[in-house]
Amino acid sequence: MPKSSNFLDIDDLTTDELQTILDRATALKHGGDNAQFPGQTLGMLFEKPSTRTRISFETGMTQLGGHAIFLGPDDIQLGHGEPLSDTARVLSGYVDVVMARLFNHDDLLEIAAHADIPVINGLTDDAHPCQTLADLLTIKEEFGGFDDVTVVWIGDGNNVGQSFVIGAAMVGLDLTVVTPSGYGMDQSVLDQATALGHPPTIADTPGAAVSDADVVYTDVWISMGQEDQRNEKLTAFEGYQVNESLLANNSAQVMHCLPAHRGEEITDEVLTGTRTLVWDQAENRLHAQKGLLVELLSEN
């Protein structure tokens, strides 16, 4: 049973629960019992737009026998005109589970504090745990598990990276984080990984870090809402691009959560090349989130 009925970051699950969700996702992907929740409804709150998050959750809930309702910025004014606490209470009377993709993580916490139904973090500025589920499912499929798998994160210490650091520690991945000075993960995230017994190695030189990597993972340098930092970040991240030269002397597979800024953090040749896991990773958002929905709805 989950430590809470919500999924606000990856550590809302125990390690055993995380493994159970990944196993269930694999079973569902390969033809397991899908239509488990007829008549149930997922409410999807989108303050930030997304292709993968909306389609994967809406498709997943439909495949599980339920229904999903999309509420975008024009449909619901989060925190404007009506307190978030009231919105959460009202939604609790209409739907069975809420997925929220927001800017401010505190807004997500406010919704979760006043909802009587499970709340899922579809992304905030601080965390993206649904992406971590898909990432871990992809690695498990590719390597048969997590033992002796070495992953190198190259780029910004953003929300995707922070959830991945914690998820990697939970399953025991050998992780190295390579970021420019001033753009690393929050210290609280690194401390949490240390408490879990698997802190990442911190480095600032991509070339040396990837020599023994099984997976090289990158993400955009300029996240949504950071457009005014573009020139500053392009300068700071020079030399951190995942390209054919960086990968020339190793056999690492490549991951990226998408959308990619081709020619910035990754080249087109690498993104679409023979060593990419990116498209499996994108598909696995669907299956991992179905595994999560089954976990939450079965308990509630």
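The backbone N, Cα and C atoms fix where each Cβ goes, and this holds for glycine too.
Computed from a predicted structure; not experimentally measured.
Record note: Swiss-Prot gives Ser50, Thr51, Arg52, Thr53, Gln77, His128, Pro129, Cys130, Gln131, Cys257, Leu258, Arg285 as carbamoyl phosphate-binding, and the candidate from Arg89, Arg101, Arg275 in that site is Arg101.
From the candidate list Asn121, Asn159, Asn300, the residue Swiss-Prot records in the L-ornithine site shared with Asp219, Ser223, Met224 is Asn159. Rounded to a whole number, the distance between the Cα atoms of Asp219 (L-ornithine binding site) and Ser50 (carbamoyl phosphate binding site) is 15 Å.
Cβ neighbour count for Ser223 (L-ornithine binding site): 16 (other Cβ atoms within 10 Å of its Cβ, all protein chains included).
Cβ contacts within 10 Å of Cys130 (carbamoyl phosphate binding site), excluding its own Cβ and spanning all protein chains shown: 25.
Annotation: no binding-site residues among Cys130, Cys257, Arg285 have CA atoms within 10 angstroms of the CA of Asn159 (L-ornithine binding site).
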